[in-house]
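Taken straight from TrEMBL:
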{"type": "DOMAIN", "residues": "A:46-277", "note": "domain 'ABC transmembrane type-2'"}
{"type": "TRANSMEM", "residues": "A:42-60", "note": "transmembrane segment"}
{"type": "TRANSMEM", "residues": "A:80-102", "note": "transmembrane segment"}
{"type": "TRANSMEM", "residues": "A:149-167", "note": "transmembrane segment"}
{"type": "TRANSMEM", "residues": "A:173-192", "note": "transmembrane segment"}
{"type": "TRANSMEM", "residues": "A:199-217", "note": "transmembrane segment"}
{"type": "TRANSMEM", "residues": "A:252-271", "note": "transmembrane segment"}
Amino acid sequence: MTSTRTTGDARGPEVRRQSAVRALYAGNARAVLGRELAATRSTTWTVILSGFFEPVFYLLAMGKGLGAFIGDVTLPSGQVVSYAAFIAPGLLAVSAMNGAVYDSTWNVFFKMNMGGRLFQSMLTTSIGPLDVALGEIAFALLRGGAYAAAFLVIMQVLGLVLSPWALLAVPAVLLIAFGFASIGMAITSYMTTIQQMDVINTVLLPMFLFSATFYPITVYPEPVQWVVKAFPLWHAVELIRGLTTGALSGAMLGHLTYFVVMIAVGITFTAKRLRALFLD
Amino acid sequence: MTVISARGLVKRYGDLAAVDGIDFEVPAGESFGLLGPNGAGKSTTMRMVGAVSARTAGDLTVLGLDPDTHGPEIRAQLGVVPQEDNLDLELRARDNLVVYGRYFGISRAECLRRADELLAFAQLEDKATAKVDDLSGGMKRRLTIARALINTPRVLMLDEPTTGLDPQARHVLWDRLFRLKERGTTLVLTTHYMDEAEQLCDRLIVVDHGRIMAEGSPAELIRRYSTREVVELRFGTDRNADAGARLESAADRVEVLPDRVLLYTDDGERLLEHVAREGMRPTTSLVRRSSLEDVFLRLTGRSLIE
């Protein structure tokens with residue numbers, strides 16, 4: 001009986017590869033994004049606003065409050081900046097991460113497993129798993145991007161933007177959000193119970209606290225530094241901090257590469273997993 | 001023209017063969033049914049035809065295309081009504097149709113036009129801005145069918161379309177499906193209700209344990225596998241088996257179920273008279289025409305709904 005399948009596969013690797021791409025992607029991610037925007041109309045705005053205020057509160061409490069006791073910080077470049085100006089870019093990176101992660105993990109989990117099994121119904125249409133992944137991630141990016149832009153405005157108002165390079169922080173934040181959303185969605189697509197979802201919070205909180213967000217990484221002994229550098233948030237914080245303080249360096253290319261790889265890995269696994277779940 | 005053609009279709013999950021080598025063809029415009037109990041492999045077959053589940057073996061073409069290589073093209077021309085409603089709960093009724101149409105790449109303006117048309121067809125015009133959760137079971141089902149029609153599909157696939165609905169809601173739904181059939185839409189539906197199969201299907205296959213037990217129109221199947229009439233007698237749980245044995249020679253065939261005895265015959269009234277002459281006193285007796293339920297019982301020794 002399997003012989004008939006073998007003849008089906010004998011059309012040559014070229015045909016198979018083409019159809020494999022087509023099976024994954026219909027070039028219609030905007031329909032998925034459109035669905036998210038339509039659904040946003042019914043969500044409560046307090047949830048969306050709370051995600052924006054969280055880093056602002058941190059900035060005021062730690063940067064302004066605690067900062068009054070701490071004084072100034074000397075950057076590796078030798079530049080001396082206020083404590084608030086030191087942590088603000090870190091918090092900007094964190095807000096991008098939070099916005100992207102929230103939409104790509106919890107929201108995606110509910111869409112996959114409950115609430116009418118949204119992805120299942122999407123994938124009975126001509127749309128492919130890659131359309132779903134990109135549409136959802138694009139939506140997460142919109143939110144992450146909006147948070148970042150608003151936070152930059154606050155930084156500007158408080159006098160914490162020290163360089164015109166800070167304008168590039170907006171696209172940088174989008175890249176960071178893209179990376180977190182891709183990985184977040186990939187991980188979520190493998191989760192089947194709510195209990196497993198707790199793993200995400202278990203990773204996020206220590207990453208938030210220890211990724212050189214509130215103090216320079218040099219306070220750690222070298223082995224610990226390497227561990228911190230393995231996690232994405234450190235790269236995000238360093239990239240944004242370089243831009244808002246104007247302390248540019250070649251290492252920033254490394255941070256960019258980290259996120260490009262993160263995006264590629266995340267999207268590949270998400271599309272694979274969605275295909276296995278709903279189309280096999 | 002053949003719309004669906006399956007030959008030696010198999011789907012295995014590990015060692016379990018959910019679909020174990022089935023063959024069928026559906027010509028355009030036909031209303032084709034898969035009748036069988038839960039777990040017979042009906043839904044799995046539907047998923048393979050719907051190009052959302054890859055077959056393990058066999059040949060399958062849907063609208064002339066192989067689902068393995070042309071999944072998106074096939075799905076673009078199908079309307080799917082799944083067993084459990086999976087409407088978008090975050091969207092209102094009308095938006096459910098519009099957003100779903102957008103997944104097919106249909107322009108927003110066209111989606112809006114079709115959505116209004118389909119809401120009218122589903123008799124839901126006044127529910128256009130209702131939340132999905134506020135709709136009754138029957139309304140949700142009709143909305144799901146309207147949604148499945150947004151891409152003007154060539155084939156409408158319905159998995160257990162009326163399971164869980166009350167009798168009135170079922171009749172409203174059947175009426176809508178009948179209209180689609182009259183317009184020439186090809187319908188493929190699964191059901192474990194024989195009355196539904198009799199109402200809607202031109203032709204059907206009876207499926208059990210992933211295999212086809214019989215194939216034909218409802219009337220043909222009844223003629224071939226059952227008698228014209230059936231006498232149902234209830235003697236009480238302990239006495240049904242004895243009564244069945246005593247009446248063995250009087251009927252063409254006897255089935256003893258836990259709660260009743262079924263006597264298959266071409267003349268029910270005459271058989272009832274015989275029962276009376278024998279001095280047997282059933283607590284209830286009923287003469288009815290044979291149904292697909294009887295066909296299924298004959299073919300598998302089990303009833304459809306257990």
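In case you wondered, yes, glycine gets a Cβ from its N, Cα and C as well.
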Next item on the list: Take the transmembrane segment (A:252-271) and find every residue of the same chain, 6 or more past its ends, with a Cβ under 8 Å from one of its Cβ atoms.
Entry: 24-25, 128-130, 133-134, 137, 175-176, 178-186, 189, 232, 235-236, 238-239, 242
Check: Same-chain Cβ contacts of the transmembrane segment (A:199-217) under 8 Å, 6 or more residues past its ends?
Finding: 62, 73, 75-76, 87, 90-91, 93-94, 97-98, 101, 105, 184, 187-188, 191, 225, 228-229, 231-234, 236-238
Next item on the list: Report, as numbers and ranges, every residue of the chain located at least six residues beyond the transmembrane segment (A:149-167) whose Cβ falls under 8 Å of a Cβ in that stretch; write 'none' if there are none.
Entry: 52, 55-56, 59, 63-64, 81-82, 84-85, 88, 91-92, 95, 242-246, 248
